Amino acid sequence: MYAKCGLIKDALQLFDEMPQRNPVSWASILTAYNRSNLPSRALTTFSASFYRDRLQPDHFIFATLLNSCAALTTLRIGRQVHAQFALSPFSSDDIVKSSLVDMYAKCGSVDVARSVFDTISSKNSISLTAMISGYARSGRKSEAVELLRGMEEPNLFSWTALISGLIQSGDWINAFHLFIAMRRDGIEILDPFVLSSVIGASADLAALELGKQVHCLVVGLGFESSLYVGNSLVDMYAKCSDIIAAETAFNGIITKDVVSWTSIIVGLAQHGKAKEALSLYDDMVSTRLDPNEVTFVGLIYACSHVGLVDKGRDLFNSMAECYGLNPSLQHYTCLLDLYSRSGHLDEAENVLNTMPFDLDEAVWASILSACKRHGKTEMGTRIADRLMWLGPKDPSTFILLSNAYAGACMWENVAKVRSLMAAMDVKKEPGYSCVHLGTESPMFYAGEPFDHPMKDRMSVFLKDLDEEMRKRGYVPDTSFVLHDMGKKEKEDQLFWHSERVAVAYGLLKGVPGSVIRIVKNLRVCGDCHTVLKMICSIVGREIVVVAPGMVSLATISPAMRLFILTRPSFTFKDSTLLSTGRTSLIVDCWVGNTPLKNLFPELFALESDKTCSIGSRFLHSNSDGATWTWSWVNTIEAERLADKVEDLENLLKDVVLRNGVDKWYWEGDSNGEYTAIVEQNPDKNQSKQKRG
């Protein structure tokens, strides 16, 4: 009773006061520990005291111990329990065997789990679900699905085991397909755990629209009050860069736990909202909730990105001093990032020499990059030597090493790095980027998309952007190209990096004004990071890029996010335009200071091609004015709005489109404002006009 009410201390006190304990009382207290998320206490209590009572474990105790081993994924102790079970009078018990299947599956020994599963005489939904989960977690989808389809009546829990297992193995797409199949099979969702899992998959895919659809399903099924679902929604929206929605979801959680607070703190930290993250930490502590390890990762990361060195150091020290938490490699990595970003490289080196962990190549490379950035040549040389000793594998590390040795005039070491690159035949994994556009998610590989039907449009668009960026001071950083080739060839390689092609496609095909969301399989190189920021400024759009690895040392999540929110705008006030231009008829400002979509919202909703150009709708002009053609998705509704159409045509009556090609470029002033300078038909009249 005490255990089921969450009063574990009272249950333990009563257990200790029992004059004579039997297997039933032992099974009860061990189960109480497991229910209180204290499986390690269950194992230590059993090993320390059970045999003092001169008892032998029965099938209930075996099953409970195996559940503890499964929760801790401790295979060694699980095998010991298995051995005792095999020698006990209960060795044929199917309930214990089901627990064995679950333990081995969660510990990654799927084939051993299957061998135990095959010995179960009467297989029930519990053992089947455990085996399905084991296969799914290991990425063995076909075997998991085969078991599920072989069940007489697959229930919600077996479906959940399959879907959540695939999600844990990283097979998010197939998990969603199976979730849809489950819905089509009419499985009633009575437990929200599967919803929490698919929301998590949306976060891992950085698929905001998909996550919103699942959120709608959550609302429809009435699981808004579920703590697990609420926490998943906060995490999903934060990882998909919609921090406002993440805060809304957080505020909607009635009783918040440490996961709720940590999810929003980490999300705010990732979005550069350090003050808000630290303020929420104070709020969490005031509720008498203790932070966990992940909370401190987010807090130190937040301090790193705003230069709060003392605050970050104090938070790191408070882990052990105030909360008894031992800093992990991840915390040391964040602390190193804090020091290196702020130029405290001597302190960073002290941490390197005293920390109880071995760093991986990525962390050493990031510190080397910081040394170069802050002019610490001598320290950079020491870090470079350490990296060489480790044996670098990442192509970008070789670039850092070569530059570090070159900066120290250690040309012999530069030659060693280059010869090592040649000997290892360093090749980068082919880069690809996927852009989410709602109804489609096309994937682009690095290199010119020769076979793509929009190749020419994307090429022209990227060249226009490149020309504008160079006017703003952009110089391609060819040091990110490893191949031995000329400068022009290196610039061409950078030009066709997959994220740039994906951005071009998204800007050309996406809904005007919408966020461009891109998922990339490789880290974004420094040159593309610069380019993406400049493109955001030029086109006035928000771009979110999700890629493996963070730009900094910190690794709060396996994703890097780029958030640029500047939104410059321009207006064509002249009514004379070119038919060959890319100006959108409805979306762009070209007649007055307001887009036509805002002047005529009902007509905008009826337009079949909302990004259509001016030239595609212009027929001709004469003494009576311009004549236009329209394409409505609902002609009956368009007839009802005939007066609106007439108003639109009257507004556009004086527009004249000439034959020829205008050129336009941006000219900035000291206030940071840009003006479009138009050269009208430069081959003929060489006239220039300003379009503000």
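Placement of Cβ uses the backbone N, Cα and C atoms for every residue, glycine included.
Note: TrEMBL annotation is automatic and uncurated.
Owing to the predicted nature of the structure, the values given are computational and were not obtained by experimental measurement.
Features of the protein shown, as given by TrEMBL:
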DOMAIN    473-545  domain 'DYW'
REPEAT    124-154  repeat 'PPR'
REPEAT    155-189  repeat 'PPR'
REPEAT    257-291  repeat 'PPR'
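A Cβ distance under 8 Å defines the sequence-distant neighbours of the repeat 'PPR' (257-291), meaning residues of its chain 6+ beyond its ends; these are 227, 230-231, 234-235, 237-239, 241, 243, 246-247, 250, 297-299, 301-303, 305-306, 308, 311, 323, 556-557, 561, 563.
Per DSSP, the domain 'DYW' (473-545) is made up of 38 helix, 8 strand, 27 coil. The average pLDDT computed for the domain 'DYW' (473-545) is 84. Under DSSP, residues within the repeat 'PPR' (124-154) fall into helix, strand and coil as 23 helix, 0 strand, 8 coil.
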